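For reference, the structure discussed in these notes is given below.
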Ligand code: WTA
């Protein structure tokens, strides 16, 4: 979604308001509007109070040490994330409560109670230890959405090893790059995964990825059970089920982690071609994740909570694993596609397990709109009481549709704005307090100081747009970029000193509510997934026929944004459909299917300024059919006319 279009859209059209019902207010965990003011007055005290919902082996003696851009939270405190997510519930009344209700794509399913999950995590921690994994080591995890995925994360956390999850849809090359950057010794993967009934090989990608990397062992989960392509290399590759079978059934002692010890890193895209390893620490991250479960998701012991994200992204880390489990929640985890075997799979799952809270993405909602409400109407969704969205701005029409067809007009919707870097939801309604507006994430949650700044770093007045920033440190903020503190400093704190720059644009309305407009940097948001312009461009120019490439995100009805690639070829290379197809495939091999360009447009020239900078903004205008503004800075204005014409005939 282009910022301009979306901004105008919401600015002109939206004034509907949805206040919480009395029933919702009365039962909500957070229902005192005074909480915002109290938290704003003394955020440290607010967070220290929230931190009491975790179990600390040793209490912290200082809440915050802020040495911009570096924050330390809960200093002196000792805790373990896996202990908080699993073991502490085993000791109490939740021992036999369902922790993970897992639904496989082909229809198999599994329920792990907190006690059973704890036993699996302990065994897995023994296995990792037997493979030489120690506190502080990095473990790369490349798994489909199967129970072994959260178990692996938690086993790392129990030992104090740093997990680096790589989304299983990423290519071998992308995996390799992330393994090398993290300097991981162990890779956990599976033979393959299911997707729409088809088999997606993972072990073969893993094999391609690890050559000449620090990886010493590959731990292989057998998901499909037909290892035709997944050859095991003796001495390097070991089976998960074999080692788990041999592991001792004794409790694995939780490593006492310092609050500031690293819990995990997770790669995300930025302005340059190289993905950033976002670093999160144990105490602050867990406090943020846990607090938002209680405030934003109003979590109760009776809830059955379903987040449709993949654990390969931050949403799955925070809202499938650490948030819900640390709150003792029953989490539904689904392996596959929403339209497999039929377009009612999500609704079938909700009915089957009595889901009360659903958290999904605007792109999914728009897909459901396209498929039509009849798939939903086949199922009884009476158990639902709260809905959430994340990943990109939600257009008001999708919000209204979600409210009407899924929530039946009686479920509050929390539109949660946040990022890999922020660790947990930052701007969102609280369902028992906030008046929701379709398309607005409303206001920062208690304890978070967000603002919209103009170029000079002053807050904009109502009705205006600017840079979405966070002006004070918060517990679950990223601590650095793995191996590149300078990049961390420049990217996030380089524009306004001591203030976190999100990369998003936003507008503030008359009620001080926030309307997130989308990225203003070179990041494209395809179906809620962040993809760097430069990553796709480098993948394209890596092809032998390509001379130059410029990539933009254009508005797409379902995906939010789609990738359009403008390409010039080397002399003698034929510009035809075959080459376009080949280039798209090349990007898939380099990065993964999520980065596949929607269309490749061959052009003799790219529009450049006289200082030879590619004018991506202009390309986006062309792709979106907008009236073009000033093109006088162009080195060759004729280029535009021919591009407009080419675009009409794009593949
Ligand atoms: C976008 C996902 C508008 C935004 C949790 C942000 C949103 C990027 C919203 C982070 C929302 C996420 N409204 N935009 N509710 N939620 N975004 O790191 O552009 O994968 O910067 O984290 O998604 O994506 P990431």
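Just so you know, glycine gets a Cβ as well, placed from its N, Cα and C.
ATP is bound by 391, 392, 393, 415, 416, 417, 418, 419, 420, 504, 519 in TrEMBL, and the record lists one more residue there from 385, 530, which is 530. Residue 613 (N6-acetyllysine) is surrounded by 11 other CB atoms, counting those within 10 A of its CB over all protein chains shown. Residue pair residue 393 (ATP binding site) / residue 541 (Mg(2+) binding site) shows a Cα separation of 31 Å.
Just so you know, of the binding-site residues 195, 196, 519, 543, the Cβ with the fewest other Cβ atoms around it within 10 Å is the one at 196. Looking only at Cα atoms, residue 391 (ATP binding site) sits nearest to 315 among the recorded positions 196, 315, 613.
Among the binding-site residues 195, 197, 198, 527, none has a Cα sitting within 10 Å of the Cα of residue 418 (ATP binding site). Per-residue confidence over the domain 'AMP-binding enzyme C-terminal' (535-613) averages out at a pLDDT of 94.
The closest partner of residue 519 (ATP binding site) among the binding-site residues, by CA position, is 546; the full candidate set was 196, 197, 546. Pairwise Cα distances among 391, 392, 393, 415, 416, 417, 418, 419, 420, 504, 519, 530, the recorded ATP-binding residues, top out at 18 Å. In the structure shown, across all protein chains, 546 is the one of the binding-site residues 541, 546 with the greatest number of other Cβ atoms within 10 Å.
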